[in-house]
Amino acid sequence: MMMSFFDQFASPSFLGIPLIAIAIALPWTLFPTPPSRWLNNRLITLQTWFINRFTNQLLLPLNVGGHKWALLFASLMVFLITINMLGLLPYTFTPTTQLSLNMGFAVPLWLATVIIGMRNQPTVALGHLLPEGTPIPLIPVLIIIETISLFIRPLALGVRLTANLTAGHLLIQLIATAVFVLLPMMPTVAILTGAVLFLLTLLEVAVAMIQAYVFVLLLSLYLQENV
């Protein structure tokens, strides 16, 4: 039976039990735990430096009120990077290729930024729906357009992450299938195709990290508008 290329994105299960919960919880066991000693090892030092640099860069444009989100943003960034990178290993499942999971991250966090803006500065938050100096006949149309664009934001967050990872995995599988088909018939072409596959895999590693950063960066920009 010929399997579909999209079968790799089906949520795995064992004895009727979904394994996506294990795939989500497993990355947290890979992070080293800081010891009780004063001097950390190299791995924990590198991890701490990366998180500090990322947090400082991400929260630099935000005021003090937005700094409360530092732990949430740093944890989400590390979590998404780890899941995306583990999904590139053979015989693994990438939970972030599921739109439901990504929307589960995007919608509550986006809604939290909107609620914070409506609670702390409702005038400014509502002012984003109508640019200053808008002609009177265009006011109803612009309010509708800006409201739609506001509610599209979480959908764009989830779809962007899902589409980029899904497209990369599909392309890798297509080229890998081409390598196996061409190897007995045209070895030279298969070797060249394998080189392209290697370069594409390196590109996918970069995409896995960049998409996690973009997801958190857009959330910080939404937060910046409301704090």
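These residue numbers are counts, starting from 1, taken along the chain as shown.
Even glycines carry a Cβ here, placed using N, Cα and C.
Copied over from TrEMBL, here are the features:
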- 12-31: transmembrane segment (TRANSMEM)
- 69-89: transmembrane segment (TRANSMEM)
- 101-118: transmembrane segment (TRANSMEM)
- 138-159: transmembrane segment (TRANSMEM)
- 171-199: transmembrane segment (TRANSMEM)
- 205-223: transmembrane segment (TRANSMEM)
Any contact, the transmembrane segment (101-118) to the transmembrane segment (171-199), with at least 3 Cβ pairs under 8 A: no
Contact check, the transmembrane segment (205-223) vs the transmembrane segment (12-31), 3+ Cβ pairs under 8 Å, seq sep 6+: no
Distal contacts, the transmembrane segment (69-89) - CB-CB under 8 A, six or more residues away: 23-24, 26-28, 30-31, 51, 54-55, 58-59, 62, 95-97, 105, 109, 161, 165, 169, 201, 204-205, 208-209, 211-213, 215-216, 219-220, 223
